[in-house]
Amino acid sequence: MRLFLLLAFNALMLLETHGFTDETDRQALLQFKSQVSEDKRVVLSSWNHSFPLCNWKGVTCGRKNKRVTHLELGRLQLGGVISPSIGNLSFLVSLDLYENFFGGTIPQEVGQLSRLEYLDMGINYLRGPIPLGLYNCSRLLNLRLDSNRLGGSVPSELGSLTNLVQLNLYGNNMRGKLPTSLGNLTLLEQLALSHNNLEGEIPSDVAQLTQIWSLQLVANNFSGVFPPALYNLSSLKLLGIGYNHFSGRLRPDLGILLPNLLSFNMGGNYFTGSIPTTLSNISTLERLGMNENNLTGSIPTFGNVPNLKLLFLHTNSLGSDSSRDLEFLTSLTNCTQLETLGIGRNRLGGDLPISIANLSAKLVTLDLGGTLISGSIPYDIGNLINLQKLILDQNMLSGPLPTSLGKLLNLRYLSLFSNRLSGGIPAFIGNMTMLETLDLSNNGFEGIVPTSLGNCSHLLELWIGDNKLNGTIPLEIMKIQQLLRLDMSGNSLIGSLPQDIGALQNLGTLSLGDNKLSGKLPQTLGNCLTMESLFLEGNLFYGDIPDLKGLVGVKEVDLSNNDLSGSIPEYFASFSKLEYLNLSFNNLEGKVPVKGIFENATTVSIVGNNDLCGGIMGFQLKPCLSQAPSVVKKHSSRLKKVVIGVSVGITLLLLLFMASVTLIWLRKRKKNKETNNPTPSTLEVLHEKISYGDLRNATNGFSSSNMVGSGSFGTVYKALLLTEKKVVAVKVLNMQRRGAMKSFMAECESLKDIRHRNLVKLLTACSSIDFQGNEFRALIYEFMPNGSLDMWLHPEEVEEIHRPSRTLTLLERLNIAIDVASVLDYLHVHCHEPIAHCDLKPSNVLLDDDLTAHVSDFGLARLLLKFDEESFFNQLSSAGVRGTIGYAAPEYGVGGQPSINGDVYSFGILLLEMFTGKRPTNELFGGNFTLNSYTKSALPERILDIVDESILHIGLRVGFPVVECLTMVFEVGLRCCEESPMNRLATSIVVKELISIRERFFKASRTTWR
């Protein structure tokens, strides 16, 4: 009986204790929730008294005592601060707050969690020092505080956490020296301290970390010789000490002492001496980066490292300009996994061995530029079929380009400048349709510029200056719409500058100086709105300087040594970014402007124009004569003529006004008829119309197998027009749907008079009766073989048969965004009447063979100058102007009129979707948490957390330049999505910003991996 009472008493006490402690955990978590930002708190909606504590989201309890042991709240978009109440969860073993938006400091109360083994607060916005209380958590195995804003030094108390297996402080603002107490962490396997501001030498106590296999110290300010302690860590697999201030020589036996290395990055330091030959004995080695040091001597053979994928030795002083310097390349043919080889900017001599053609078929990057290599390019270079980047510039290579080079169809970057290459530029270059940069400048190429270069539709930079080329500038080059840089200077080109130069609206640099070009400068040159550098000096151009006032961003202009005449245009004075203007040695005359760049005689050269006058004193020109008396006398006689002319003009204007009023009245009488019947004025401008029967045959009876898409007003079919043997897209309208006829008319009216390379081309229309006597309407467009942008952004939602075989690269997305922005700018600004698309979204952006974007579906488009209030409300009643949920501007939801600002909003959403991979209607979003706020909350530190993962593929090194470019893209998107229409960017600015971003990205991609 006594035993029974004792057991009952103990059970009662246990229940009371359990009830008390369970409530403690509950209150601690509710207090934690109260400190979470209100807009993020919905994620924790289950945290209330209606749910059992152990069923709360992210909460795991112990089996016996039902105390909270695990709190897993990673990647839930939570914000606010971390409540000190977290310290009351005394049974907590694991706390995961990874990748949220928590700010403030880490509460000292975390130190009360004596059972804690796993703590992850990485990728937040935490600041301040690491709290000293944390070091009471003596059971900690994993401590991750990476990618925050933590400051102060690495505390010596860290050494008391002797059970630590992983310590990650990457990407903070830690300062000072490493404490010697780190040596106490003898169980440590991973230590990440990269991207901080740590300094000093690595303490010798690190040698005690005998279990460590990953040590990352990259991008700090560490100094001294290669840390001697590291030679003792034979278990190391991943070692990164790059981009510090280390110096001195490496031990010859490094490869013996560290035999298990998979990755070794020591680039960007000040190491001297030779590369230890023992490194080639590490059979497990996959990545070796010793670039950007002061290493000398020969390069050892790496034939015994079969798994080597990356070898970076560039930017050193390796080699001795001898014929044997390149012998090591032959041994690399054994490295069948090699993807990246960078050995440029060294002192390597000798002929380029033919063995490079036998390197790994997986090779993507080959950089031998900036050395002393001679000989010719091996004929079998075409064996490297996966090569994307080939850099052989600044050498002494000679001879013609081998024909097998034309087999490198994946090549994106070909740099051969400053060699002694000869022969003609081969036509097979045009087969390399993926090329983005082609640099053949400063060689001995001769003959004409091949027209096949026009096939390289992805080309961003074309450098063929300083050769011996002749002939005219091929018109085909003017079709490369994405071209940013075009340099043909220093040749013997003849003929005129093509009128089509204005089609290169993305052009930033045009350099055609020192040729034999002639004729007048085309007015279309003023259409190159993104021009920054214009060099046309040393030619035979004549006539007036054309209207270039659209080039408001230009920085350098050189028109010297030509035969130009007329006056100096005043608009040069208004160019705020103009830094250099050379108009010397022409036949210019008249008054020199005195404002803007003309206020400084050192930035403007106008010598050799004998009839110029005026200007500031620095030009030392003769003063301009005032009006001669004879001119004054003539003035009165001209006055009568002016008065008569003005009178006649006013009379004509009055007559024209009366005629216009009459015409408007007549058109209003015809309004109802025109609403329901396509008039000849609408359709006759299109090609010859096609019959219902022809379309039925072309689509196999409108078969479902021919269907390629559907929308609110109809279905799109792929069709083969037998008469023209041409594949087209046929949009058949659902005439039962209210508003279908208005959609048909709007699309015809919108597209009949507009032409732009990024608009889908409307070929013709069909207005007929089907075989059952029903009204039939269809629009026939050119067919886009690569489908819609929507398919590429969300392939998981597409049937496998239509699914793209790969994902879009970052550069391809930028190009598509520029295409779409360009067409909006055209519709909004450059059409005779502004047009608002009103339904811009990924499914309405179609892609052709080259992934050039074409905007489609103008069923909701509005010709804004023809807009009137009555028609707007008629359209609104049929849901016409509302566009698509998620993409439509907020003002449309409250009766706002269609506008170009509404299109800008839709474009902003489109841009965010393109780079996050998330639709605005994603289930993640709701209430005030939208795609906009999701993006805004990640700027600027957490960009990579929201970027579409498919962008971050193996071919893209995610470094600071890439992150910077992505940040700028998102900022443009957010500025387009401003709530107030008046605060949104103009499309012209959007185009300019995106092109500038693309240039930044392109410049970053020109440098090899670091």
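Note: Cβ is positioned from N, Cα and C throughout, glycine not excepted.
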**Study point:** Per Swiss-Prot, the candidate from N334, N928 carrying the annotation N-linked glycosylation site
**Key:** N334
**Study point:** Candidate annotated in Swiss-Prot as N-linked glycosylation site, out of N232, N786
**Key:** N232
Check your understanding: Roughly how many Å separate the Cα of Y781 (phosphotyrosine) from that of T699 (phosphothreonine), to the nearest whole number?
Key -> 14
Point to revise | Surrounding CB atoms that lie within 10 Å of the CB of Y781 (phosphotyrosine), all protein chains | key: 21
Study note, to complete from the structure: Beyond a gap of at least 6 residues from its ends, the CB atoms lying under 8 Å from the repeat 'LRR 5' (186-209) belong to 146, 154, 162-180, 215-224, 227-230, 232-233, 240
Point to revise | Remote residues contacting the repeat 'LRR 9' (283-307) - C-beta distance under 8 A, at least 6 residues beyond either end | key: 237, 242, 259-277, 313-320, 324-325, 327-328, 331-337, 342-343, 348, 1008-1010
Check your understanding: Where DSSP helix means H, G or I and strand means E or B, what are the helix, strand and coil counts for the repeat 'LRR 10' (310-333)?
Key -> 6 helix, 3 strand, 15 coil
Check your understanding: So, by DSSP, how many helix, strand and coil residues make up the repeat 'LRR 5' (186-209)?
Key -> 5 helix, 7 strand, 12 coil
Exercise for review: Pick the one among the modified residues Y826, Y887 whose Cβ has the fewest other Cβ atoms within 10 Å in this structure.
Suggested key: Y826
Review point. So how many other Cβ atoms are close to T699 (phosphothreonine), meaning within 10 Å of its Cβ?
Key: 21
Review point. Secondary structure at Y826 (phosphotyrosine) (DSSP, helix/strand/coil)?
Key: helix
Check your understanding: Rounded to an integer, what is the Cα-Cα distance in Å between Y887 (phosphotyrosine) and T699 (phosphothreonine)?
Key -> 32
